[in-house]
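For reference, the structure discussed in these notes is given below.
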Amino acid sequence: MVAVVYIWILGLLIYPLSYGNKGIEDPTDICKHTLSCSECIKSHPSCVWCSAQSFTQGGESEGSRCATRLELIQRGCDEDHLMDPKGVVQILKDVPLSDNADEDMVTQLAPQKVYLKLRLGEKRTFQVRFKRAEGYPIDLYYLMDLSYSMKDDLENVKKLGSDIQEVLHNVTKSVRIGMNQDHIGWRNVTRLLVFASDDVFHMAGDGKLAGIYIPSDGHCHLNERGEYHNSNMFDYPSVGHLSQILTAANIQPIFAVTSNALPTYQGLSELIPKSAVGELTEDSSNVVNLISQAYNNLSSTVNLEHVNLPKGIHISYDSHCPDSTKEGQPNGQCSGVKINQMVDFNVTLWMDEKMCQDGLQSFKLRVLGFNEEINVDVETVCHCNCEDEEAFSSYCSGTAGNYSCGICSTVNSQRGPGRIHRHHSACWGRLPSSPKKLLGRCIGIYNLVHYEVKDVAVASAGCMNGTVACNGRGKCECGRCACNKHVHGLFCECDDASCERYEGQLCGGLSMGVCKCGTCECTSNYSGSACSCSLDTSTCITPEGICSGHGRCECNKCVCDQGYLNKLCSECPGCQTPCQKYSTCTECQAFSTGLLKDNCSLSCGHVIVTMLKASDWGGKEKEGWCQEKGEDSLITFHVTEDGELVHILVKEKQEIQDHTQQLILGLVLGIVFIGLLVIVLYRVTVEMFDRQEYSRFMKARSQEQWNDAQNPLYKSATTTVINPNFLQE
């Protein structure tokens, strides 16, 4: 309990010092949703705006100005009119790194100031360098548990104070050791806190055992004697609160604890950045070596982190350490860094797609345990360079026309002050004297009042291709069709989203085909109305040929001949095997026997039979050979189909031996033998069971013990009476 109170008091004393990537999207579809240059560049990093005059054609809305750079160039937009602002990184201050701490101004972290201009969704990276300077100053604050069990430790620490300072002098010439910040004054150097205890600590929530439920307020409540006087009012601080205070003050704690409390403080150290734990002997005699080892471990670990990162800005670190490289970390970290050894961190920033903010936003980067910081200023690209409006532009040919980024706009007083409506530039060439006629020509979405039918008819004539304006797929603006998304053409007659779908995608997806004007144009490997038929035949090929020679390959799938089954047409349950199919022809041609012996030449003219002698056969079985029963012999042959011809190799005639009688005799003898065997086994089993029962009976008889006893009702016929007078005689 005392241990945690001292940690808490220390924390209160030092307190005053104190895009992700989304799934891959097609930018071509995203860009078409925007109607201004600023909306275009904010929609996707690949979206570019064309500010050229008269860039849009019939059937195109102003949203077609926003597309990918390649698409706009292919459509004829000059490079000078492409609005594609890119992010920049500028190093504003970069003081060289120092080799030792003897210099007037020690620099271990560079650069010192960075400016970035970020476009939404675009990543920008800059490099941060760090090098440990030799002899960097140290301030050590020793905090001790003053419970009675630590009394002998306190005496040893008093004696070892000079030894601690001597050890730290081996690292740096500038060392200060103190016990209270307000009196010794922390310097802006490496700060070490050594906390010694032989017991575990308390944490937030333990105060409830004493009825204390008010959380720590983060302030120091010490009286004039240096005693904490609100112990019965505020609960213990939480581990997170303590970690926040130590990190904000750039203090690196070293927990020197005895073995019984070591596991607890090891868990605490994992929650506090740049902290170390060491095992303390019962009398604290090893505290000097413990501090030396802990400092070496802490100083060789470099943690780069960000402070006060503005909302909407994302950051990641790539750490290039002496022994490894780590990418995509939430903070930079390297271990085992030696003095005058440089480590590099690549810091990557990107903006949230919906967090476009004007003005500078700032945050800091720092290495835990060191007093240096990097100031980072971030500015967001939210507008195009062409958005400075040209009022009353001659291109717009009107007193109310403002020109910006290739499009004209006007302020419509009839819909409220300052409301801007955008019109296609073709509306602004020759303005009629009558506003009725002007607005009659623009009968699209910007009509504000009703006009005579004849004016409307004249204005809509340019949008008519039949009876429905713009085929019902767009709106008539200024006598021209402004088509809906995925629709184009002078009269919006082509719909690039009305093709057949395969597996939920138009024309099966971009890898299979594209939809153009309602028809799928398939790639070279696909065909069909929805590009769903693959021209590949790889899944139809078998060793026997396409679809095992019993079908055709359509859309990379086998269509089997009648009777054949499975994916490769290799099975035919109702079909004869080649052995069965050609056995009769083989028998009649080779041996002139069988069912076809009378018309063998007519029925088996396509079969060519070759006889094999026993010497050629060699007595070896061969794979794929058939054995069928003939009229009076067993026929062994091999079939090879060659188009319409069939080549058959036949082994010499093998006589069939009749083993019927032997089989019947053997079967009868077997039945008799099995019957006798069953009877014998039954009798043997019964005999063995009887012998066991008899043996058990005889054993029980031998263990019987009968006691002789006289019937108590029995009276003997003879009675003997003894006269006591005659006993002496």
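One-based numbering along the chain as shown.
Backbone N, Cα and C define each Cβ position, glycine as well.
According to TrEMBL, the feature signal peptide maps to 1-20. Positions annotated as domain 'PSI' by TrEMBL: 30-78. The domain 'Integrin beta subunit VWA' annotation in TrEMBL covers 36-384. If you look up TrEMBL, you'll see CYS50-CYS66, CYS382-CYS386, CYS405-CYS470, CYS478-CYS507, CYS483-CYS492, CYS494-CYS499, CYS515-CYS520, CYS517-CYS547, CYS533-CYS540, CYS555-CYS600, CYS572-CYS575, CYS579-CYS588 (among others) marked as disulfide bond. Positions annotated as domain 'Integrin beta subunit tail' by TrEMBL: 579-658. Per TrEMBL, the feature transmembrane segment maps to 663-682. The annotation domain 'Integrin beta subunit cytoplasmic' is assigned in TrEMBL to 683-729.
Confidence annotation: the domain 'Integrin beta subunit cytoplasmic' (683-729) carries a mean pLDDT of 82 in the model. Taking a C-beta cut-off of under 8 Å and a sequence gap of six or more, CYS517 (disulfide bond) has these contacts in its own chain: GLY489, GLU493, CYS494, ASP495, ASP496. On a Cα basis, CYS386 (disulfide bond) lies 5 Å away from CYS405 (disulfide bond). Among the disulfide-bonded residues CYS66, CYS382, CYS470, CYS492, none has a Cα sitting within 10 Å of the Cα of CYS540 (disulfide bond). With DSSP classes pooled into helix, strand and coil, the tally for the domain 'Integrin beta subunit tail' (579-658) is 21 helix, 29 strand, 30 coil. Looking only at the disulfide-bonded residues CYS405, CYS507, CYS515, the densest Cβ neighbourhood within 10 Å occurs at CYS507. A sphere of 10 angstroms centred on the C-beta of CYS588 (disulfide bond) encloses 24 other C-beta atoms. In this structure, the C-alpha atom of CYS499 (disulfide bond) lies 19 angstrom from that of CYS470 (disulfide bond). A gap of 20 Å separates the Cα atoms of CYS555 (disulfide bond) and CYS515 (disulfide bond). Rounded to a whole number, the distance between the Cα atoms of CYS470 (disulfide bond) and CYS483 (disulfide bond) is 7 Å. Secondary structure by DSSP for the domain 'Integrin beta subunit cytoplasmic' (683-729): 23 helix, 0 strand, 24 coil.
For CYS50 (disulfide bond), applying a Cβ distance below 8 Å and a minimum sequence separation of six or more within one chain yields ARG65, CYS66, ALA67, LEU72, ARG75, CYS77, HIS81, LEU82, MET83, GLY406.
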